[in-house]
Amino acid sequence: MVRFVSILSLFGCAATLVTAHDDMDMDMDMDMDMDMNIDTTTSQSIDVSSTASIVPVPHEPKHLHGLPILQSPSLTPAERLYWENYNTTTYFTTQAGNRSALRYHIITLLLVAFVLYPVSLALSAARSRWYLPLLFVNLCICISSVMALSVFKNTFPEEDWYAHNIYGTTSVLLLVFMLVHFFAAVLSVPVSLASKKEYRPVDTIPLNDLESTPVMVNSARGSPSPSSNRDTLFSLSSDTTTATATNNNKRRRAEGEDEGDNTSNHDTLRDEDYDNDDDEIASIEAPPLLPQDIPVFRILFTNTKYQMLAAHLSCVANVVFHMLTYPLFMYIFVDLIIGFAVGNLLGKGIRIFNLLAHWIKGGVFFTLGVVSLARYCGFAAKYGWAWNNISFTSQLTQTRSSNLLFRFAPAGTFTMEFVESFLIFFYGSTNIFLEHLAGNGGAWTAKDLQHVSIAFMFIGTGLCGLLTEYKLNHWRFEHARKRPQTDVVAATPGYSPNPFPAFTIFWTGILMSQHAQSSQFSTTIHTQWGYLLSYGSFFRLLTFLILFLVPNTNSAASKPFTELITSFCLLCGGLVFMESTDQSIEAMEYRGFTPMFTFNLSVGFVSLLMAWEMILFIWKDWLIKTRKTSL
């Protein structure tokens, strides 16, 4: 009985435990359900609030373009340490020194380089009476610019941020060259106080070397015929000039009578153009300028002491003036570039070699682009460098014996391809050991050998170009003459089918575009200017093909449209080349710029520069025609 009661007691306890456990499970389930409900409500509220703040877009940027390099997640500890210590302070960004003086110096130097001096070159080519006044204004602004630089230097703290820089020296030299050039111009420019009525026009005598627009003049037979690419001069009242013009007219009439009535009008016009070419490139003294409108110049030119000084020094002054006119234009930009480098603290220490290598080479291609566009506009047409047909007579070479290009000209003349080949050969010869300057005293690395191999290419292609010019000498002479004439001693069709200058530019672009750099950013920029140079050389070869298939038969500039594209590629390629220095790349990477950012800016700047250069040539042509009709 007792055992039965014990068993019942155990069953009762077990039932109690089961009931308690079920109650606990129910409580736990209820708690869990309540927690899940709370979590669901919370997450729903969070989702609603976050969705309300999101702006829907089709795509979100997932690349690092435009992101400053310090925000890049892929930097190594060594790279992050370098960029955290990167210093962006320069002469341009600091507030030390007289900032107004520095800004004035920068603005005036840019004004001289891009506006005043180029405009003065156009006035000089047009023999305008405003040339000397503008040259004087140019000199005054240059003096004030150098003085402003001196003020900034004296007000800057004692610490020297760029030790042993040469910008101060180059600025002083610029001022000296400006002074010498101005006084040489004052002494060498012929001035006459005679009236306009004393000038008589002489047909088909060139006004200058830069004129490129064909004009209609009265030919010897009394009918209008197209002249060369240059307008007529107004002769001095001298028996020599008048006699020369008279003899030329008689010779043309005699040749016209011998041709007979069966000669077609087309052949007659071509013969007249050929005879006119002799007169067009004939040597003649530049016409005297009319009295200056500015009183100080009128008083100066009538002064007895000035006339005596000019009589003794005019020859020397004339040589100095012509030697400085265009080189001074290039030196202004050299000074400007050096100032940009010093102002941004570029090229300090061993980095000077990387800077010079890129800026010298890039500057050469940029200059070549400027010259190519000028040739398209008619620059140096008297030498046949404007893609124009030209012939030199024995009388011309005698009267221009002081000009070495006329005096020593071979039968095919000195072409622009000859000049380019010589410069390529010279640059390659001097550049062999320059590539090792950064590692002077150490072993030659693979990078040094890779660079010096390009110098070897320059030597080889430059020499091949010179030899090709020698072989094509007779070919140019025969293809330039319109008909046989005994007194023609040199002639050129305006080009030489010499592929080596274009070949050199093409392979320079290809080799450097594939040259591995320290970063992908730098490699991309090298690829950009490498391809641009290659494209430019391709269009230069198309120019040769066009002129070979459709030769230019007169002395007017042929203006092949392919040269416009060539000029753009050389200008833009040279500018991007100069931007690809190590320090320039680092400055752009630090600020998060992309390679296309600088490329876009370069394309826009070059387009504006080309437009400005063409405007200057068109304006110069208009000045020449206006001056001709006013005298």
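Start at 1 and count along the chain as shown; that gives each residue its number.
Keep in mind that glycine also has a Cβ here, set from the backbone N, Cα and C atoms.
Residues or ranges marked as compositional bias 'Polar residues' in Swiss-Prot: 220-239. Residues annotated as ubiquitin cross-link in Swiss-Prot: K250. Residues or ranges marked as N-linked glycosylation site in Swiss-Prot: N87, N98. Residues or ranges marked as phosphoserine by Swiss-Prot: S219. The region 'Disordered' feature in Swiss-Prot is assigned to 216-274. The signal peptide feature in Swiss-Prot is assigned to 1-20; the stated evidence is sequence analysis. Taken from Swiss-Prot, the feature topological domain 'Lumenal' covers 21-105, 153-170, 344-351, 429-451, 551-598, and the record attributes it to sequence analysis. As annotated by Swiss-Prot, topological domain 'Cytoplasmic' applies to 127-131, 192-322, 373-407, 473-529, 620-631. Sequence annotations record features per position, and here Swiss-Prot assigns transmembrane segment to 106-126, 132-152, 171-191, 323-343, 352-372, 408-428, 452-472, 530-550, 599-619.
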Pairwise Cα distance for N87 (N-linked glycosylation site)/N98 (N-linked glycosylation site) [Å, integer]: 22
Densest Cβ neighbourhood among N87, N98 (glycosylation sites), 10 Å radius: N98
Listed stretch, out of 106-126, 323-343, 408-428, that has the most CB pairs under 8 angstroms to the transmembrane segment (132-152): 106-126
The transmembrane segment (106-126) in contact with the transmembrane segment (599-619), cutoff 8 A, at least 3 CB pairs, sep 6+: yes
Helix, strand and coil residues within the topological domain 'Cytoplasmic' (127-131) as assigned by DSSP: 1 helix, 0 strand, 4 coil
Counts by DSSP class (helix H/G/I, strand E/B, coil) across the topological domain 'Lumenal' (551-598): 32 helix, 0 strand, 16 coil
Integer average pLDDT (0 to 100) for the topological domain 'Cytoplasmic' (192-322): 49
Beyond the flanks of the topological domain 'Lumenal' (153-170) by at least 6 residues, Cβ under 8 Å: 90-91, 96-98, 101, 334-335, 338-339, 342, 345, 348
For the topological domain 'Lumenal' (344-351), sequence-distant contacts whose Cβ falls under 8 Å of one of its Cβ atoms, 6 or more beyond its ends: 90-92, 161-162, 438, 581-584, 587
Residue counts (helix, strand, coil, in that order) that DSSP gives for the topological domain 'Lumenal' (153-170): 7 helix, 0 strand, 11 coil
Composition by DSSP (helix, strand, coil) of residues within the topological domain 'Cytoplasmic' (473-529): 32 helix, 5 strand, 20 coil
